Amino acid sequence: MRKARSLLSLSESIPHDKSPTGIDKEPQNSPSDHQQSCVETAFPREPQTSPSEEYVLLSSDSQLSSVGNIGAILCEPQTPTGIEYENFQYEPLDLQTTSIRLLRVLPNLSPDGLLQCSIQHATIKAEYSCLSYVWGPPDNGSPILVNGRLRRVRQNLFDFLSIARIRGTSKLFWADALCIDQDNVSERSHQVQQMGGIFSNAVEVLAWFGNCEDTADYLAYVNSPDGWIQKDAPLSRRDFHRAPYWKRAWITQEILLAQQVRLCAGHEETELTRLRSIYQWGMGSSLKAPVAVRNLIRDTRGIAKNKSLIQLVARYRYKKCHIKRDRIYSLLALCDEGSDLRVDYGASDGEVFSEALRS
């Protein structure tokens, strides 16, 4: 495998005493995060610390002696030992505004080795990055602390948060599994109704393919000068094309509405625009990607514009989702009818489909 390069670059920071527009102060029960609010394009190339501070940051838990040991850490998340935590409880959002929650990964683990995040209320006017990813299969979840309280997240999101911490980023993220109270039907409906605004207003969208070595290897190849010669691409290209990410229904509007998209796997990343150019102009580009990949990459040029909801449903009929009505809801922001169709997770699938046909 090619040597992994550091992910994603850092741009100018916002002073610590000034919050981005639309962001509320941290809740009183949140732990101190000890970092500035940053406007970044993604994870910084180098932690903004001195060499001695960097060593402390990268070795703050006993298992981590180098970034190369990240795989072992991600596979064996810490569990609470000896400390009793209250379960995390969501504070209600203002459903009459474009309110959202944003999360930040804190640099230090808790005393008993748990990954820590803070969550704060904001609006879509804030500066943040959206995470586009597959939830993955249901599991018991990995424990983390959110505002000092216990919360469990699925493995794929845990992997992303862990790598974000090790890379030293202090940026703000929006990730649906943590930033939406999934047990609150009214809030879910409110957030999905404005999903188009959430993703189109984000500084960037990070398409997360997971902590997958083979996919990371292919992204490293795409970034190299040899990346234009796709006929010599490594076998890992097949794993990239077959990733469950491409079949997820929600990624369609998440990618097509984004100002900028970065494809991320492990510690590697590349811009979607580079991959699109390679597939169009690179040598060996006649080696076609699967239809799920090909259509989405083509549509980033605006091909999907001016299509009706029914046309979009037909075009992306191969997409998968656990909730049937999400086949409709995941496309609302891409068509004119979307503004007239009310998102309601309290309605039946039949009612949603009937309303979509009438729109």
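Positions of Cβ are set from backbone N, Cα and C atoms, glycine also.
Fair warning: this is a prediction, and the values are worked out from it, not measured in the lab.
Per TrEMBL, the features are as follows:
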COMPBIAS  14-27  compositional bias 'Basic and acidic residues'
COMPBIAS  28-39  compositional bias 'Polar residues'
DOMAIN    128-254  domain 'Heterokaryon incompatibility'
REGION    1-52  region 'Disordered'
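The domain 'Heterokaryon incompatibility' (128-254) scores a mean pLDDT of 92 in the predicted structure. For the domain 'Heterokaryon incompatibility' (128-254), the number of residues in each DSSP class (helix H, G, I; strand E, B; coil) is 64 helix, 24 strand, 39 coil.
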